[in-house]
Structure formats: structure tokens, C-alpha cells
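Here is the structure we will look at.
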Amino acid sequence: MILLSLILILLVGGVSSWIVARRHTTAARWIAVASAGANLAVTIGLWIANTGRSQPSMRRWLEECNFSWISQFGIRFHLALDGLSLALLLLTYFLGIVAILSSWTEIRQRVGFFHFNLLWVLAGITGVFLAADLFVFYLFWELMLVPMYLLIGIWGHERRIYAATKFFLFTQLSGLLMLIAIISLAVLHQHATGVFTFDYEHLLNTPLSPRSARLLMLGFFVGFAVKLPAFPFHTWLPDAHTEAPTAGSVILAGLLLKTGAYGLIRFVLPLFPVPSRELAPFMMTVGVIGILYGAVLAVAQTDIKRLVAYTSVSHMGFVLLGVFAGNEIALEGAVIQMISHGISTGALFVLAGLLQERMHTREISQMGGLWETMPALSGAGLLFAMASLGLPGLGDFVGEFLVLLGAYRANIGLTAVATLGLLSATLYGLRFAQGAFHGPNVHHWSLPDMRLREWTILGSMILCLLWIGLYPQSVLNTLRPSLAAMQQSTFPQEIVRR
Amino acid sequence: MNAADFVALLPLITISATAIVLMIAIAIQRNHKAAVIISLIGVAGAAASLLLTASEKPRQITSLLVLDSYSRLYMAILLGAAVFVFLFGYDYLKRRHERPEEFYLLVLLATTGAMTLVVSLNFVSFFLGLELLSIALYSLIAYVRTESISIEAGIKYLVLAASSSAILLFGLALIYAVSGSMDLSQFAALMVRPTGSANAASLLTGLMLVLTGAGFKLAVVPFQLWTPDVYEGAPLPVTAFIATVSKAGMFAFLLRWFHVHDGGVAGAPGLVLTVIAVASMLTGNLLALLQNNVKRILAFSSIAHMGYLLVALLAGGPLGAPAATYYLIAYAATILGAFGLMSALSSSRCEAASIDDYRGLLWRRPFVAGAFATTLLSLAGIPLTAGFLGKFYVITAGASQSRWMLLFTLVVSSTIGLFYYLRIIVAMYSQAGGPGTDGESSTQPLSFAAILALTALTGLIFLLGVYPTPLWNAITAVTRDLG
């Protein structure tokens, strides 16, 4: 029931915020913060309650809720929480609050509808991270699209309609292919066992012929690769990230991309262990291509948001590499990378939003020497750029390091090439920091430095990054049991070796 | 025929009697309100008689008609759609200051025709119902005589429908010449598993010609040419009628004809229908991209939706007929909502058909725009709406029979389709500006009837999208009666 209430709080909060905004916009903003905050509190509560349990392997799930829904097709409203979902939910609500706070002064029109959409996206993402029934999963998967589409399309920048439509079409096409794969899996399960069901746990051990397993896996993979985004499917991302309002970019980069990675870990690996093993070298290659391609393109960008968007392609390449590397270290690294990338990239988008609000431009060439006029903001910018390029002590480093460590065991050549991505990362990170903040103030900007609200947002994000960077064990403890379970089903030999 | 037969036939009798009563009433005294009330009472009576006989066993009346639970379900769908057409029509005609009474008469007659299609078990009664439907539609399409576009649409429909009827008649003649029978059940097996007997070729030709007539009414490629013009030219309530009652009646007949429990439609008919389905899905969605008129967009989208329906029909099996029926109900509710909203937004001079009429609607009238966006998202098949579950059932039916080619076409074409639905949604939330946005449509309040009907339809779209269990159970029970 707790899990259902997480979704309901957001849905109800969204509607009430819309209604209240007709009278009082600030109250609507506070309602939005309160709903996301309530969820954050509940999730932290769940986390604390479950950290004591060192060996929850007796039960697969920490929390569950399960109702019958469309009984003729064996569809149940089944939500379940394990360590992986818990960690990603924490990230969801944290970034949700960040997104609301960062649009406090940016969004002045249609405030109620904005927060309605924002909270409904969060509700959709919550559902995606919790669904333990493939039909319900697809439902939430699609459901988070519509409000996201509206967020980009209504409150975005110049080419918002183009970007929003492209985003929707890409994800919808890949989503429908995944739907066919989901339904086919259920049908094949019925042929094999006589039971028509969409339940995750039942479908886990569906006997499949090698050919159909491979096709179904590709169906799922396309759905997740577009969201991730993996290399050839990434073209929607720079447009959508650049045109979205700050909150939209934060949620897109911080959370929506993670749903793709989550899908790979939760569904592709355990549901299709054999083809996952077979295709792992191919998937890792795609990941490495993404790392290099995103990093190289990021170096060439002049628009801050576009630059950060391409770095996301690069960082998500690490996630893909880690997921298919076939050992637990790399998988844990991939999840750490997801979480810390969510925070560091989210912070960079917040920063870009702050700069745009003050300077009305996102071009790096228009900036320069901002340290003189905004030392605090520039310092934070430097820190997040360092986090993004993988400076030890900050979250991203841990993720990338673990991924490379694990991938090295699987494929030395690919890992060596992937390391080159870190080199380009240094290039774009330093170029961004230098071009925007250092040097002489040639354009003679004189701008207000960070306000209290902005300090709160960026300060808490810095703390989170430091925490993950310095003491990742606390997060890993939460993740380990559930990741180990998924790992075991796909790459059993690795477990034996460790 | 005995008394029990008459009881079973009550729904059809009630509707036809209502038409006659209305005709007499119009002759005595023209009164718009009375006309709509008589029609609604008639429909309610027919629906009540459906409920009365709901639990009865299938009853065949002569060799022409059969009253089983399947036909009762489809008659209920038709009557429900007719009620909404009346409600929208009442509002619309009152605003346009036309002579409104005959509208109800014609709709009643056309509904009778569609109901005859649903219950027919024989090509003779099929043709009778088809003509009754078509002839009423000729005049309905050209109902607003002051609009030249309506007259043009009416004539276009007349010419094309008459030719397709002629082709269909020729097909019937061929069938009768070869087999000496017009009984539907004789040909069901042939369509599914064609045998190599000597007469099979000419019989098959005849059946294909009959399919032409059916395809014309469903507006599937290549018989779709009339659709955009007629949708655009016809008054909005009539467009809603064509999109729902006329197509549902014809589809019910096709489903009865082709339904088999094991396996789907195969052989030459299967190939022909597959080509038709694929071409309809792609053509409809691609051509809709080029349109700027919402009625034309929905016309092309209806071509695509009929293609989706054919996927379920072709898949067959235990899931095919229920999936098709569910999809049809979802589509009917959705498209009635869409055309109803457009009709409610139309001014007394012109219909709200251009995309520009919807610019900024979300900010002027959030509830109306929300309802319209709901119908569009349901047409696009986004979760929580009826359209999504309809699509889910169709894909499940297709996947369980391994119709991969059809399914991939469905996926690709519905993604293309999403693009033009999004265009309308974009228009609704973009800033109002330019001429025509601050006209009558932005200010005039909706009438009580329209609010009632639209609330019911929007509620139905969500209900069917969230809680399909009761309807699905009813449909599966009912389709077990088939073949």
C-alpha cells in the first residue's frame, strides 16, 4: 500500500496544485514541493527501515502491493520494491524537488499546469521503477511521456515543438515495439505453461527457443536503448534536452534516461539471459561507441545545454558497457553511474538554467570571466564540470571506475578504448569551465550571484555527489542484493568465480 | 413466424415504427423538440426490448435473420451511438436554423439499415440493410442545403455508393449462379479454407465483389476515395454517424461472415484482406499528415483505424472477434467524442474544422480542450484511454496467431499517426493568435445536452481504458455465439 500511495500522492498533488494555482501560484509551488518531499521522506523511511536487514535474500522484494486488475489476461496491478528501485526512487524525488525549486522564478506562466505535468511525470517514473507486471510497466512507461511532452512543448525554448514531437515519436515507436515483445512473451509463456500472465516473476523462467528469445530481447532492447539513449538512437536527446525548460532537462537527463538503463537491468538481463550473454560483446561495443561519440561531439558544442546533453550520451555509454560487462562490479558501477550522473548532469542543467535566466543566452562564447561577477555560482559550475569529467572524490568517478574495472575482466580492448572517453571528458569539462567562468570578463557582465534558494539546490546536490564519491558503500549495500539476484540469473559463471 | 419471433424482432420493429411515427408527427406539426424526444423514446424502447430478450437463446427467423446475443450487443452499440448523434444533432441543428425534423427520421432509417446488417444471415437481407443505410445517408450528407460543400459531398457519396452497390449486386448474382444459395454460413468456410473445386474460382470472384461493397462502407484502401470529402462536407453529427453506426454495422456483418474459432482468415481472401489492411493503415496515416482540416485528418485516421480492425479480424482465433469488438466500441466512443466536441464548438455560420480554430483552446476553455485531447490520445492509443486497451487487445490477438507483418505495420503506422494527433494537441496549447481565434467558438457556452453527452463519452473513454473486465467478459461470452 505504501508503494501505491507514493504514486497517488504525486497524482493528487499534481491536480491540487493545478487547482490552487488559479488563486495563488506560490501556494501551488509549495504543494508540489510538499508532495515530492512527502515521497522523499517515505522513501528515506523505507531505506532506513531496510538497511538493518543485511540479508533480505529470503524475500525478493522489500515492499509489495498486488491487486487483480484485468483478470482475463492475467494482468495484476503489481508494484514491488527492491534495493535497485529504492535507490532510483530516492534519486527521483530528490531531483523532483530540485526541478520544482529550480523553476521557481523561471516558470511564470501557467504555473499550475506546469506543476501538474511535473508531478505526473514523477508519478509515471515512480510507476516504471516499481512495476512488477509487464503490462503495468508499459502503462507507466507510456504515461510519463505525455506530461513530459507537454513540459517541453509548452514551456520549452525556441524550437520546442520540433523537439517535443521528435521526442514523443522516437519513444512511442520504440515503446510499441517493446509492447509487441511484451505481449509475445506473454503469449509464448501461455503456449508453454497454459497460463496467460504478465507478471514479472512468472515470466522470468519462460522457456524460449533461442531464435524467439533473441528477437524478443531485441524488442525490449530497442525500447530501452532509445530512452537510454544508446548510440544510433540518441538523436532525439540533444534536441529535447536543449529545448526543454530547466526542470524538464533535469528530469529528462536525471530520470528519464535512467528508466532506460533500469529497464535493461530489470528486464532484459533476467528475462533473456541466453541472448544477453550472446549479444554482450555487441552491446558493449555499442556502449563504447556511445562513450566516444558523445564525448567528441560534446567537445564541439557551443551551447551549454547541448554540450551537457551530449555528455549524457557519453555517460550513458558507460552504463550500457557496465550492464552487459557480465560481472557484478560493472553492474554496480553502472547503477552508481546512473545515480551520480543524474545528480551531476541535473546540476549542470540547473546551472545552465540559472545562467540563461541571468544572461538570456546559452552560448559559451557569450560568457567568459563570470568568476569576477558571480564567484559562488562559477565555483559550483567548476565543481559540477569536474564531477562530470570524473574527478575522484565525486560520484561519477566511482561509477566510471567500477564500470571500467568490471569491463576490463570481460574485454580488455573495449575497456582501453572506453578509457579514451575519459580523456575527451576532460577536454569538454575544462573547456566549458574555462570558457564560461575563467579569463577576462570581455562582455562586461555584472550579474547577481546565487540566492538562498539556488544555494540550497546546488549545495544539496554537491553534498550528494561528495557522499557518493567518498562513501559509495552506503548505496552499494542497498543495491547489492537485488543486483546480485539479477546478475545470478544472467551470468551465473561469474558468481562462481568470485 | 410466431409470436416469439416477433418478440425477438422487437428492437428492429421498434426503431422502424419510431421512424413512421416521427414521419406522421412531422406531417402534423413541425416541432424540433418533439422530434428529438420521439426519436430518443424510440431508441430507448428498442434498447429496453434488447434488454428484455437479452437472456434468450439465439433465434433464427426465416433464413434471413438471426437474433443472437452477438447481434444484440452490436445493436446496443448502434443504438448507443445513435443517441449521441441525436444529442449532437439537436444542438447543431438548433444553431444552424435548418429544418431539423427530417434529420432524426433519416438517422432512424439509417440505424434500422445498420441493425439489419448486424442481424442478417443471408446476402439478401444484407443487401436490404445496406441500401436502407446508404439511401438515408445520401440525404443526410447533403442535409445542410445552403452549403455547396455538403451538396458536393452528398453527390459524391451517391455516385460512388451506387456504383459499389452495383458491383456488389453483380457479385451476389455470380454467387447465386454458382452455388444457388445466398446463405452466409455456406461461404464462411470457403473464405477461410478455399478448396480447389471447379466452381471455386467464380464463387471466389463473386465473394470478392461482395467484399468490394463492404470495403466501400468501411472505407478501406482502395475504396476510401470518398472518405475525406464526405467527412469534410457532411454536417458534423452526420460525420459522427458515418464514422460509427455505418461502419460498425458493416463490420459486424463481416465479423459474422469471417469468424472461425480456430485460426484466422487464410488463402486468397486472407491475402486480399492482408493487403487491404496494410494499405489502409499506411495510406490513412500518411495522407492524414498532409491535412490541415481536422475533419479530413479524422477521415484519414478512420481509414487507418479500419485497418487496425482488420488486423484483429484477420488474426481470428479465440481472441480475434472479441478484440475487434472491443476496439470497435473504443473507437466508436472516441470518435463520437471527437466529432461531438467539434460540433459543440462550431458556430452558427461555420464548423470548427480548421486546425487554427483550436489554437490556444487549452487556455480559453481548459475542460473542452482536455476532453478533446483525451479523445485524440485515445485515437493515438495512449494508456489509460479506451484506444490503448483496444490496441492492446488487437496486438494480443495478432501476436497469438503470429501475424507479425501486420503487427509491425500497425506499430509503424500508429507512430506516424501520433504525429498528426500531436499537431492538433500542439495547436490547442500554443498561444492564441491570428484571426478567427477570438470568434464565436471561443465564447459560446456548451448546451446542457452537449455537456451531458461529452461528459458521458469522456468518462466512457477512461472507464474502458482502466476497467475493461466487465465489457470484455460480455464480449467474449457474446462472440462465442458466432459460427
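Glycine is no exception: its Cβ is also placed from the backbone N, Cα and C atoms.
As recorded in TrEMBL, the features of this protein are as follows:
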type	residues	note
TRANSMEM	B:35-53	transmembrane segment
TRANSMEM	B:73-91	transmembrane segment
TRANSMEM	B:103-121	transmembrane segment
DOMAIN	B:121-416	domain 'NADH:quinone oxidoreductase/Mrp antiporter transmembrane'
TRANSMEM	B:127-145	transmembrane segment
TRANSMEM	B:157-178	transmembrane segment
TRANSMEM	B:198-226	transmembrane segment
TRANSMEM	B:270-290	transmembrane segment
TRANSMEM	B:297-319	transmembrane segment
TRANSMEM	B:325-345	transmembrane segment
TRANSMEM	B:366-384	transmembrane segment
TRANSMEM	B:404-426	transmembrane segment
TRANSMEM	B:446-467	transmembrane segment
CB contact flag for the transmembrane segment (B:270-290) and the transmembrane segment (B:404-426), at least three pairs under 8 A: yes
Sequence-remote partners of the transmembrane segment (B:404-426) [C-beta within less than 8 Å, at least six residues beyond its ends]: 274, 277-278, 281-282, 284-286, 288-289, 291, 294, 297, 301, 304, 307-308, 311, 314-315, 355, 358, 372-373, 376-377, 379-381, 391, 394-395, 398
Positions whose Cβ lies under 8 angstroms from the transmembrane segment (B:446-467), at least six residues beyond its ends: 84, 87-88, 90-91, 94, 326, 329-330, 333-334, 336-337, 340-341, 343-344, 368, 371, 374-375, 378, 383-390
Leading contact stretch, B:157-178, B:198-226, B:297-319 vs the transmembrane segment (B:325-345) - CB distance under 8 Å: B:297-319
Leading stretch by Cβ pairs under 8 Å, where the reference is the transmembrane segment (B:297-319) and the options are B:35-53, B:73-91, B:103-121, B:198-226: B:198-226
Candidate ranges B:35-53, B:127-145, B:198-226 - greatest C-beta contact count to the transmembrane segment (B:103-121) (under 8 angstroms): B:127-145
For the transmembrane segment (B:127-145), sequence-distant contacts whose Cβ falls under 8 Å of one of its Cβ atoms, 6 or more beyond its ends: 96, 98, 102-103, 106-107, 109-110, 112-117, 120, 151, 153-155, 157-158, 161-162, 165, 168-169, 172, 213, 217, 230, 233-235, 238, 241-242, 246, 249-250
